[in-house]
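Record features, source TrEMBL:
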type     : residues : note
COMPBIAS : 255-269  : compositional bias 'Basic and acidic residues'
COMPBIAS : 294-363  : compositional bias 'Basic and acidic residues'
DOMAIN   : 2-152    : domain 'TIR'
REGION   : 246-384  : region 'Disordered'
REPEAT   : 439-472  : repeat 'WD'
REPEAT   : 484-525  : repeat 'WD'
REPEAT   : 529-570  : repeat 'WD'
REPEAT   : 708-749  : repeat 'WD'
REPEAT   : 753-794  : repeat 'WD'
REPEAT   : 976-1017 : repeat 'WD'
TRANSMEM : 192-212  : transmembrane segment
Amino acid sequence: MAYDAFISYSHAADGALAPTLQRGLQRLARPWHRRRALEVFRDQTGLGTSPALWSSIQKALAGSDHFVLLACPEAAGSRWVNQEIEAWLAQHPVDRLLPVVTSGEWVWDTARGDFDWERSTAVPPALRGVFREEPRHLDLRWARSESELDLRHGRFRDAVAELAASIHGVSKEDLDSEDVARHRGMIRLRRSVLAVVGVLVMLAAGTGAVAVRNGRTAAASAVEASRHQQLADQHRNSAAAYAAEAQRQQQIAGDEQRRAQQATEDARRQQGKAGKAAAEAKRQEDNAALAAADARRQQTRAERAAAEAERQRSLAAEQERKAAEAADDARRQRDLADQQQARADRAAAEAERQRRQAAEQRRKAAQAAEDARRQEQAARAQQRIGISQRLISQADSVRQQDPRTAATLGLAAAQLQPGDRAEAGLVNTLVGTRYAGTLSGHSGSLTTSAFSADRRLLVTGSADQTVRLWDLPRRGAPRSLAQLTGHTDFVESVALSRDATVLATGGQDGAVLLWDLSDRRHPRRLARLAEHTDTVTAVALSADGRTLVSGSWDGSALVYDLTEPRHPRRLARVAEGDAQVTDLALSADGRTLVTSSWYSTVVWDLSDRRQPQRLGPLAELSRSAVDLTLSADGLTLAVSRQDEPVSVWDLSDRGNGRRVAQLTDGTGWVTAIALSADGHTLVASYANQAVLGWDLTDPGKPVRIAQLTSHSGSLNAIAVSADGQRLAMEGRNYTEQLWDLSDGTGPRRVAEVAGHRDEVSGVALSADGRTFVTGSYDGTAQVWNLSQPAAPRLLGRLKGHLDSLDAVGLSADGRTVITSSIDTVRLWDTADLSTSHPVFRNTSPTDWVADSVLSRDGRLLAVGLGDGTVQLWNTTDRRAPRRLARFEGVGNGVEVLALSADGKTLAVGNGKDVQLWDLTRPASPRKAALLSDAGADMDEVSLSADGRMFAASGSFGVVLLWDTTDRHRPRQLAQVVGDFGTTDAVTLSPDGRTLANSGPGGAILLWDLTDRSNPRRLTQLDGTVSSTSTLAFSADGNSLAAGLRRSAGVWDLTHLNDLRQDAVKRACAVRGGLTRAEWVRHVPDVPYEKTCQPS
């Protein structure tokens, strides 16, 4: 039988939907003259009792035009459904396969051009690679109740119409129109039938009376007709008797005629046989004559052959005699040949023996040479390994005191033995300090430096009487652009215009030199000013480069107009008696000037550059200022004086400057200070080699942001870039060191959320870091949107637990949230946070919830109970979670759980021991191994995403690391020893390369596990962590969340992770490759090798 459609489905999942869908397809748009609109095959209606079930199904498949697949997880796992799909596709085009999703996930991966098999649960494996583009499917996951599975239900009828339209080969709109038209026709037909019936009733009533009247007449006629009928019957019986006799006589005559015809036919056949026999006898006679003649010819031939045979016998005897003679001769020759062959064989054997002996000698010689080469290579490799390990150890020992040398040693170690340990050492160097590079070129101490406004150019002056220009690219190592000469003594001060096209330099030779930097590789000197009679201590330029002020020990500060830089014009002389000018600073607009002398610090108004106005000295500054620096807007001034703290002044009222802060954290004399152009970053160097950075965003409340260590003794000059992100200061051996004040390679706190009334007990991040969940001991959880981390947006507050929350979880896609309390575990959908779905409720004092954990895909939930058992739940359908298994966990009750991201490995701990469980089949968990550490506590546990690494907090703040690649035979790798007496929280990044742990002291430490046997401390995060802290990485490992007392914070680890991806490249960008001289100094036993490739 031919069918329009074949329905394939799971009886367990869609036993109610399938027959309803069949009836809908058969009834929708049915013509009045047909029993069904479509012939639809379903096994329970289309199959009878049969010894060959599959053959019957195949026959139905072959006779069907369309294949309707009711897709759900049960159908995906059904052998029958997959077998039916394969049989259908073997003889039908794929475009006749119509999928209807009834439950589970149906996800298409556009990039792969196939289904997302990790996320799709409703797609049967038989459809793998079948579709070339995403198929359109009908979604009936909403249809479950009896009222919804009815054609009178508008949405269900609409869905059936969409499916029927595909089978009919018409549009859904046309099918709806046809069904409506047929429905209206039936109504019209029903009305017409009712009208005809009414007319017939009226006619029947009219004719009834006539029928009564005619009935009486008919009764009389019937009596007369009965009499005539009796007479007719008598005549009819006589005629029947005569006809029967005539028929019998006719049959007898027919039989005789047939016998006569049969006899005639027999005679004709006998006559034919006789003719054939005569012809055969004649043929046999002719054959006999021919045989006699042939016999005579054969006898003649035989006689001749006998004579020939006799002759041949005579010849054969002669030949036999001759053959015997030849055989004797051959035997003699063969004997001679055998003797020769034996001699040849003996010679060949000897030659082969000699050849083999020579080959063996050559093989032994080659093997010896190869062994020698391998031994030499092994010796070189061991030498390189030993030197590399020595360099790594040396780098570790000098990292804090001399990061440049540490980077040098690390690069050499990585070149000698590339690998995890060398890379980890470089990462520690680059993250552990703010060091950003070293500039080498001067032959004397550095005395002054200045950044351009765009931070791409650095100018340095030196006691070697030269000025150097340095290019600072955003990526790559700094490089020297040019060297300026012209001073005949130390260079004391440099200043740049905002566009960095004009440079002023002053020196102990009393001269001020102006330079054109339009072409930075080829600077040109514009002018030489020699009006000072003593050392020029400071020079300053306005932002537009039109105003120059120079100060000198000759007691004056001179103001110049540089409208024509080649021809500077002196406009005024600013002097405070005959006191030496020790320093000066000029605002960007050139209107505010501050000068410092041995006796006072004075503010000047240069609005009229020809007649500077003295606004007055700053109160409380009666002694000499060692150094001073002014923000670009002229509103913030920093002053350092001998052995007193650096003071910060507000010059909003220039005539009455007001001190707003003192920086008291430094020790010893202040030797130099520098302020960024925006006035937000101040750096001060001290005689004890300390260098401190301060945030002056609020000048009245300075915040220390950095502490560095100088390596050149007492610093006399430092510079800060305009944006406050980069610092330049003198290093060892006449070098200039660059330092990063932004901490660009380290973690940055990007978000902080609050709102809980008690301490935060749990945090979770989505894979993209945009959804953030916090749980608290106040019994509530909060869901946040971090699309703009600086301004987190609260999506909802989750309530419903009767006790404090102990754990929260979030699926990677950010759609599923779990909250766990001692009384229950609840599931939440972030699309609708108003309702939750309880998974587990405790029913006795011993089955309270100890911990719970959700898999990354949100489909598996593990719940640990106080009675020592663990329950596994399928949470694919958040509204109806389904328990998969319950098993006895580790003894003495469950305290902590950890689940790998793939959901295949579960760690169950009781505070002392930890069990590993294999959840490859969640419905049948298998115990894999027991982990313990000689009785040490293991209170907090974590698994990497792939389940191959396990971390647990041990006693005295130690974190234990295990290799769990083989879950049944875990292997302890190392111990991480932090700064804590105990560890409150521990977590592994998804890739297992980073460990984060925290303790009651309030610190969060990050550890590099690239070399898993030798963990290295990366850095420490800022922030105070509560004593019940919790930590969690995002799925991509680029974000870390932590509980901060009653709030929670999120740190961005992107820069740190990028650095760790290629630490060698970053180190090369910071300090450049080793020169031959550096290589020889540090690696004298190995020929020079390039450590950095040109970029």
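For all residues, glycine too, the Cβ spot is worked out from N, Cα and C.
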DSSP-derived helix, strand and coil totals, residue by residue, for the repeat 'WD' (753-794): 0 helix, 20 strand, 22 coil
Distant-in-sequence neighbours of the repeat 'WD' (439-472), which means Cβ under 8 A and at least six residues beyond its ends: 478-485, 487-496, 498-500, 503, 505, 507, 517, 520, 523, 677, 712, 716-723, 725-726, 728-730, 733-738
Beyond the flanks of the repeat 'WD' (976-1017) by at least 6 residues, Cβ under 8 Å: 419-421, 423-425, 427-428, 747, 901, 939-946, 948-949, 951-954, 956-961, 963, 1023-1025, 1027-1033, 1035-1037, 1040, 1042-1043, 1053, 1056, 1060
Helix, strand and coil totals (DSSP H, G, I; E, B; other) for the repeat 'WD' (976-1017): 0 helix, 18 strand, 24 coil
